[in-house]
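Step one of this worksheet: look at the structure below.
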Amino acid sequence: MGEAVPPSPRPARRRRCRAAAAMGSLRGRCAEVFEACDEGNKGYLNREDFEVAVVMLFGYQLSEVEVDSLMSSVRPENSGILFEKFLNLMSAKKSAQLYSDETREIFTAFDMQERGFLTFEDFKKTFNSVLPKLSERIIIEAFREVDQDSDGRISFKEFECAMKHGQDEVSPLYFA
């Protein structure tokens, strides 16, 4: 028989990812990341530590403006972001991410032709299926309100803006 082929690293990686996901709450994951990124066990995350922590949790790097905004919210007597503040920011970001995913799903349900925008007919069909007694006049007004650039189409950004209308942004990390 030939030499045994070593197992692919991918299944092991998937198991580790599933295990990490199953480890529990966001609080537990944040605590692990905070501890791993707190260089020198200072008890806080400085700017660089914080940037690495966000990459570990969300898989992308924040812009300089976002980091500046967050770091400016830290009290001067603290040299960085303490765990509870970090947890609050990461919880807000996770909520925003979930909300954005839900908004995309709703938009996709409206976009029956898969064009990446909504026409009045798409809008009308969806409203008629959900609220059949809603008057066409109200549907027209709603469409005009959401179609901010008045091009007869509703882009995802316009739709997302309409969905967010009236909601408080909970932190500087609440970004699209």
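Even glycines carry a Cβ here, placed using N, Cα and C.
Note that TrEMBL annotation is computational and uncurated.
Here is what TrEMBL says about this protein:
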DOMAIN    98-133  domain 'EF-hand'
DOMAIN    134-169  domain 'EF-hand'
Given a Cβ distance threshold of under 8 angstroms, which distant residues of the chain, six or more beyond its ends, lie next to the domain 'EF-hand' (98-133)? 139-140, 142-143, 146, 152-156, 159-160, 163, 176
The predicted model's mean pLDDT over the domain 'EF-hand' (98-133) is 88
What is the three-state DSSP composition of the domain 'EF-hand' (134-169), stated as helix, strand and coil residue counts? 20 helix, 2 strand, 14 coil
